[in-house]
Amino acid sequence: MLDILLSSLGQLFTLSHLLFMTLGVLVGLVVGIIPGLGGIAGMSLLLPFLYGMEPTVALGMLMGLVAVIPTGDTFASVLLGIPGSSASQATVIDGFSLAKKGQAARALSSAFLASMIGGLIGAVVLTGFILIARPLVLSFSSSELFMLTLLGLSMVAVLSGADLFKGLAACGLGLLVGGIGMAPATGEFRLNLDIDYLFDGLPLVVVGLGIFALPEIIDLLVKRGAIAEKPCRLGEGWRRGIQDVGEQRGLVARCAAIGSLVGTIPGLAGSVVDWLTYGHAVQSAKDSSEFGKGDIRGVIAPESANNACACGAMVPTLLFGVPGSGTAAVFLGGLLLLGLQPGVGMIETHLDLTYTIIWSLALANILGAALCLILARPVANLTRVPFATLAPLITVLIMFAAFQATRATGDLLALGAIGVLGVLFKQANWSRPAFLIGFVLAPGAEAYFYQAVQFQGTDAFLRPGVLIIGAMILAAMFIPVIGKQIKKRRQPMSVGAAATEPKPDAESHRLGIIDIVLLGALLALAASAWVNVSELSLIGGIMPRLAIAIMALACLAEIVRSVVRRPRWERQTFAREAIWLVGFFALVAAMLTLGFITTATLFTLVFLLAIAKLKPWVTVLMALGVLAFLLAMAEFLTLTYPQGILDPLLFY
Amino acid sequence: MKTRKPSSFTASRLALSRVTRAAALGIAIAGASLAGNAQAAEVEVPANIKWTVPFGVGGGTDVWARFFSPWLSDYISGEPTIMIDNVPGGGSINGANLFAMRAKADGSNWLGTSASTQYPAMLDDRRVRYDYSEWTPILATPTGGVVYGQPSLGDTADAAIDALLSQPVKLAAQNPTGLELPVLIALDLLGADVQAVFGMRSRGEGRLAFERGEADIDFQTSSAYLSNVTPLVESGKAVPLFSLGLLDDDGKIVRDPAFPDLPTFNEVYQARHGEAPSGPAYEAFRKFFASGFALQKLIMVPRDTPQELVDAYRDAAREFVATDEFKQDAEAQLGPYTPVIGDVIQRHLEDAMSIDEATREWLAKWLEEKHNARI
């Protein structure tokens, strides 16, 4: 045993292994920083070189890439509010809020340090765990997996706070949108309105970009100014971020442990772990009022978890050949190309390779996070640039990212449609994370529920694992409520805090014109969706019906609450946002008719000249930069764009 | 011992594609002027071949294509650059539709298909806008499959099959029209009462459900069976029941060379029922088995591709398939199966993909009654 550990350690520090691992890390960082590409694009860049390579060296390269993908994407989530991949959705919420407060450097440095530590903890846990993981992974049956998705969904209650009904309605809508496509239980297609694009359901990247990134861009364009609303001192923030991680070391350790263990469960991994740890951070905080408005713990928690989760996801991939995440799926392909069949053999005959994999992950984590830490300070300067200068670049970037989801026209249209929803939600203060949680967990919740009932019947819900997770869900729902009661009693003692800040629950119940529009629209949607799913079989239609019911009941409850409690009227504006949204759709139309590359270049040029009012030569330079980026991506990653009329003439 | 590995790396070549193209042109001109008419029969192979793979990166068919591409590139004259273009979506329907719409018939466009491309076409899925008769096959690789059960059903295959026929059993499957379709039909033919639990995202998840004890029986294709189920069998946690067999050149189902000791479904049926299986159910089994297993993965080109080019590609494939290096490497990637090349594929494919009205009607009714699925 020890000799295997030592021999794989020796393998780790050979020159060729280190070189290729560094190559993997660099590719991973570049690909990770560009939103929407993520591990899959990075892997496809490396895969062609794999066949015929020495397995240990090739594995080092792959692991370098796998390890840093959840690190690199933090840049886009914190600085630009763009969720780069599924591993950084929770980071966006507080990370971007911190950037707006001028604390981008702080958010970044603590995110990277947390990532590094999380990744290391993950690797340490994995070193021992992989030997005994098999029975444990197998003890998670479909009913426990279902309960885990429920635990993820229960975070909606934690995150919505006082606006519980709005949060539930948003989550119900998310569940409904997540139910578009094929019913896992019967193979029926539902809610697709006979549009081919919707047969597969909406891609997560598109929904994430639409709900988070697009509304932020529009908001910043309406407000003008830079991303950082307050002056920022980068150097100080950078050190502050490091200190934050030190202060929150308990949180880092807990989240890393959660991440690495949940990562080992095949089929869930990345999608719940972000929200679980974010919810955990909110719950365990003494004062949770700053979450969502820029609390550093909201960055540290998911970031310590997602690298650990990438480690954990290696367990099902290596031991069972069942990938735990999208990146792991591609990694699995890499293993097969190297002639390695995952399975028990990875422990019995290839244990040295398995340890090379695990420790490459740890080493690559350190390397990747260190590089990012160095980069964090200069890159954080981006938040000081007037936003109008960045806007065209970011817009092109998110459209590029969205289109890579399935390379269909529908990607761009869906981005716009979800974007409209996102803007409405943002203006009226509805929980966008609640929508996303519903969307992400809908397929898992449905499939596992159905499987649990089919496989185990009613016994499914009496299993010890199910009861334990059930208790955790109840705790998640009720501990905040009880905590609030206790806080209320202590209220007189903390006068200082109450004086500076208006009390959340007394004042927070507000109502505005967009609320009314949303409530009406969701009820109308509920009615029409109900008709749409009426022809489905009982099993195939149960989930959408449930989603509709949650959405409709939550809307009705909010209406009743408003009638009874007479909320404060709030002025909510949409006019200027609407103009930018129309502009966005016009841009999409131009891209589809003229061609993506042509339109993106011209758009950058015109926008920078007319709206950002930059000097002509800067404008031309930046537009050429966009052009070069798009062409280089097409060439090296064999990506395609909507061609339109002009692109084939000019660029192909 | 040094074996010759294919030296070309697709991506590095991609970056150099213009240079290569120029060089290839130069060589072609030089070659033409030197050799004169003697080389007239040689066809001009395109310098760049775009191989559309309608699946995501790292998936089974993608890995399969990436395994083949350096071999093909090295053995096709002119060593063309083969660029793999992944177009996932719709369970491979999207990519195949795009290929049907846009592919050029000059030999520079290939398509890699799999069972999930073939099945929707056979079932008349309304999203399908491609037609296999519009394409010419270059190469096909077969796979086999094994059905196995929990030892609680019985210690031996015979005892387990007895138990299988006397009590309802559960099997974890992807969807009613997925790769498991012929397996479900076969089990039904035997007389087993199988409750299929759908919603698995891969065969691997199905195997997990079996290992967890949730599913009573399971089914895996050969390579997954060899690496992941054989250890279970050895430690007494699974009992192999039967294989699906393999199609020989005459279209007959014979024993699978990967599992020579395991009876095929046909043999088990014969032993149990005293006669060979027949009727529309067996017709459906045979056809979906042929297109989903015997010819699981295919390299296709548009039908109008010049015959000389098709021959050149097929000859190159024949040449490398016969080498020892290939056989050695293929063992890990394809299992102990030899790729099928040329017209024989076309014959079997045409037979498999044409489903007569009676069979289709039976299938639609069976899917609706047994699995609550409409086609």
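Placement of Cβ uses the backbone N, Cα and C atoms for every residue, glycine included.
Model, not experiment: these values are computed from the prediction.
Here's what TrEMBL has on this protein:
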TRANSMEM  A:12-34  transmembrane segment
DOMAIN    A:18-436  domain 'DUF112'
TRANSMEM  A:145-162  transmembrane segment
TRANSMEM  A:167-185  transmembrane segment
TRANSMEM  A:197-214  transmembrane segment
TRANSMEM  A:318-341  transmembrane segment
TRANSMEM  A:353-375  transmembrane segment
TRANSMEM  A:412-428  transmembrane segment
TRANSMEM  A:435-453  transmembrane segment
TRANSMEM  A:465-483  transmembrane segment
TRANSMEM  A:511-531  transmembrane segment
TRANSMEM  A:537-557  transmembrane segment
TRANSMEM  A:617-639  transmembrane segment
For this session: Give me the stretch from A:145-162, A:318-341, A:435-453 with the greatest number of Cβ pairs under 8 Å to the transmembrane segment (A:353-375).
Result: A:318-341
Seminar exercise, completed: Counting Cβ pairs closer than 8 Å to the transmembrane segment (A:167-185), the top stretch among A:12-34, A:197-214, A:435-453, A:465-483, A:511-531 is A:435-453
Seminar exercise, completed: The recorded stretch from A:145-162, A:197-214, A:465-483 sharing the largest number of CB pairs under 8 A with the transmembrane segment (A:435-453) is A:145-162
Problem set entry | Long-range Cβ neighbours of the transmembrane segment (A:412-428) (under 8 Å; 6 or more residues past either end) | 170, 197, 202-203, 206-207, 209-212, 214-216, 218-219, 398-399, 402-403, 435, 512, 514-515, 517-518, 572-574, 577, 581, 584-585, 588, 591-592, 642
Exercise. Near the transmembrane segment (A:511-531), which same-chain residues lie under 8 Å Cβ to Cβ, leaving out any that are not at least 6 residues past its ends?
Worked result: 166, 169, 173, 176, 191, 424-425, 427-428, 430, 544-545, 548, 551-552, 555-556, 558-559, 562, 567-572, 574
Exercise. Hey, which bits of the same chain come close to the transmembrane segment (A:12-34), Cβ under 8 Å, at least six residues off its ends?
Worked result: 41-42, 45-46, 54, 56-58, 60-73, 75-76, 84-85, 356, 359-360, 363-364, 367-368, 371-372, 397, 401, 633
Seminar exercise, completed: On average, residues of the domain 'DUF112' (A:18-436) score a pLDDT of 87
Problem set entry | Residues of the parent chain within Cβ reach of the transmembrane segment (A:537-557), under 8 Å, 6 or more residues beyond its termini | 165-166, 168-169, 171-173, 175-176, 178-179, 183, 185-186, 188, 190-191, 438, 442, 445-446, 449-450, 519, 522-523, 525-526, 529-530
